[in-house]
């Protein structure tokens, strides 16, 4: 019964957050200074011609009418025409960019979670010099601003040493049918390596600290002390028992990290000119492109809310206390 109540609360929270998302997504672009269609308006145009351009984009209608049309577009997947990439539909731009952002953020999240889990476990088990080094490493990774780390890696490995490409997601001269799939995948990962490392640096530091603290508490449990007293192999205790129980806080932390992952993607993609949703949103904000801003913000925020909901549901299955 408690488990059903927990799930109902999670879905209610998701519903209210979704409503707030819809309202803020509509209002924020319209509160930005400047004229969003100024790039289409020639100063020599007559007032009538300028008004026709505004009418074409629906900006002369009352605000409540714009909101109704906006809701209709959201639920039909029609976010309008991009001002910046006119006459390209926003939905087409999102379809092209979203997979690359999901690949970037998904890879960084998975690797940082596994790496932080293993390093945190080792740090908790081997107290002393190893533990001090791990704590220093995690604090250093969490203290470095994402954009600054990205610039350092870009200049060092992309400009000076020239080991990795400085922009894009694969070599534009490549074609899978001509060079082969393996070469294409190699190009894909070489372009995404630095952005992934930049994004996962902060995440790994946080995961390490959380796993370390949780593992230290788990190692003090009676069943762990009993297993060690009976002479069980340390590796079996660590990876067979401690790791399983100590990793539960990592699931909760994954939901907390979702906000950083989305905002970090905007910074990382902007630094490395990685053509994903983050770069598209950044360019749209600079150009005051209402439809693209709304489309990107809606999709990114909705993805975050869905991920949070999935994490909450997954946690309820993993932690028996929630089901009682």
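Our numbering is plain: 1 for the first residue shown, then up by one each step along the chain.
Glycine too: its Cβ is placed from the backbone N, Cα and C atoms.
Any TrEMBL annotation is an automated prediction that lacks curation.
The domain 'ABC transmembrane type-1' annotation in TrEMBL covers 98-315. Look at TrEMBL and you will find 6-28, 67-86, 98-122, 134-161, 260-285, 297-318 tagged as transmembrane segment.
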The transmembrane segment (6-28) in contact with the transmembrane segment (98-122), cutoff 8 A, at least 3 CB pairs, sep 6+: no
Per Cβ pairs under 8 Å, the stretch of 98-122, 134-161, 260-285 packing most closely against the transmembrane segment (67-86): 260-285
Within-chain partners of the transmembrane segment (134-161) [C-beta distance under 8 Å, separation at least 6 from its ends]: 119-120, 122-123, 194-195, 197-199, 201-202, 204-206, 208-209, 212, 264, 267-268, 270-272
